[in-house]
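A quick write-up on the structure given underneath.
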């Protein structure tokens, strides 16, 4: 069985003339979503617009607008080797780390994204509210950890826990480097499952 067969179904490619676009979404776009963008880019071997999958990130708030990635997030990613290779993928990942500029998710991003991945239920609710206001398809929103292999019920709850906030990726901003390490572990676990599924998305520009 392929990795893609074990995960929740992905939304279909919205526009066959464009790459499949994934937007990671957290609060301020300086920690969780930015880290997830980097890790998924690495896993997908995405080097730019010409690839079958494009990965970006954004926040639901503009409180960190214009800021770089949190230095602790950069430190942890670099310590784990992200952006170190000299090939096109390594350069793209390095640029995503060093050149990151936080922003609030735009209406255009909401209109063009194929998959919107929310880090918490609160982020999910805000994305759904925005999509409803724009009369856009709400079926493109997923909880990031719905792809977590430690989640037994793929529709929601971690093993032995109720649905709801237990599916949230906790915000490391309030913690220490150790909390950023924990966040990276969750992100890597999810992206290891998500990347093969994305590579199997049907469409003329999708990777095989």
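Just so it is clear, glycine is given a Cβ too, placed from its N, Cα and C backbone atoms.
Remember, it's a predicted structure, so these values are computed and weren't measured experimentally.
Remark: residue 26 (active site, nucleophile) has 32, 33, 34, 57, 59, 60, 119, 120, 123, 169, 171 as non-local neighbours, by Cβ distance under 8 Å and separation of at least 6 in sequence. Residues or ranges marked as active site, nucleophile by TrEMBL: 26.
Marked as active site by TrEMBL: 32.
DSSP assigns residue 171 (active site, proton donor) to coil in the three-state reduction, placing it in neither a helix nor a strand. Residues or ranges marked as active site, proton donor in TrEMBL: 171.
Annotation source TrEMBL lists domain 'Phosphotyrosine protein phosphatase I' at 20-197.
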Conformational class of residue 26 (active site, nucleophile) under the three-state DSSP mapping: strand
Three-class DSSP secondary structure - residue 32 (active site): helix
